[in-house]
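Since the structure comes first, as structure tokens, the remarks are kept for the end.
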Amino acid sequence: MAASLGFRGAASGLWYWSGRRRPVGSLAAVCSRSMASKTPVGFIGLGNMGNPMAKNLMKHGYPLILYDVFPDVCKEFKEAGEQVASSPAEVAEKADRIITMLPSSMNAVEVYSGANGILKKVKKGSLLIDSSTIDPSVSKELAKEVEKMGAVFMDAPVSGGVGAARSGNLTFMVGGVEDEFAAAQELLECMGSNVVYCGAVGTGQSAKICNNMLLAISMIGTAEAMNLGIRSGLDPKLLAKILNMSSGRCWSSDTYNPVPGVMHGVPSSNNYQGGFGTTLMAKDLGLAQDSATSTKTPILLGSLAHQIYRMMCSKGYSKKDFSSVFQYLREEEPF
């Protein structure tokens, strides 16, 4: 791929050669990385996840060029001295390393291929990293379009939630050309503690979809277990403590418990506000369903989880965190 032989970081007259691997400890690698770090990085999508991710790039000394469809969310960055663009195309015109964090496949297609999209102004050799969770087939199509422009596309969806985004402890699942992984890793390590190369474009999305399907199933299971225990006379904090020292322990029980009052600093203790929305979980489960259909893979619990989250969206839970499944099971009595 011609794009893998391009230079990055030229915006300020500093060059970053991305087409040749170097030993991590070599002076050339250290100097190259240091120079590249002084060049602007584009960031598009400043929602619940994108906002803290962008802030962690700032903390690591990266100047940012930002865009969001809602201009108000850019104000605090502008006040901090960062550049705010009027469109994704303007971001691409000013930065040759761009990270996107968007809600859906449709949003990603618009940001990359729309009338004022990245591809209208993208420079040869640019590195485009999409951290949205979208259909793997859409990632592959975007990669083809980006390659035609002489640039490089990598999918790098994340896991860990808003808390990990704030603390810089996200897990990134990266798909794309392996020779470009080190260039992406440099940026992603500023926002995450785990950056894993998964394979070709689309494999990062596949890994994320599998993870979120399991997350939804485990959250429903945790909510059901907690609800059953509470109705059987157990104190919720005591039950959570027992689960978390037993074989039923999982992230949904020990880090993101869905029962109000059991844990501090989680959406369940804030009327299920913030966090990862029910609509987004339903979307991701739909992606898992599509992937299962195309690969002829049975996902019995995944399909049931998809039905439950779709029902929640229709019952007024769409804007609440996905852990509100506890409230849904407790109050709606769906079965």
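Just so it is clear, glycine is given a Cβ too, placed from its N, Cα and C backbone atoms.
Since the structure is predicted, the reported quantities are computational estimates derived from the model, not experimental observations.
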From the candidates Lys241, Lys283, the one which Swiss-Prot records as N6-succinyllysine: Lys241
Selected residue, Swiss-Prot feature N6-succinyllysine, from candidates Lys38, Lys55, Lys75: Lys75
Length of the line joining the Cα atoms of Lys59 (NAD(+) binding site) and Lys237 (N6-succinyllysine), in Å: 37
Chain-internal residues near Lys208 (active site), provided their CB is under 8 angstroms and they sit 6+ positions away: Thr133, Pro157, Val158, Ser159, Met173, Asp284
Residue from Thr39, Ile44, Leu64, Leu102 whose C-alpha is spatially nearest that of Lys241 (N6-succinyllysine), among the binding-site residues: Leu102
Of the modified residues listed as Lys75, Lys94, Lys148, Lys237, Lys320, the one whose CA lies nearest the CA of Leu64 (NAD(+) binding site): Lys94
Residue among recorded positions Thr39, Met49, Ala54, Lys78, Lys94 with Cα closest to the Cα of Lys148 (N6-acetyllysine): Lys94
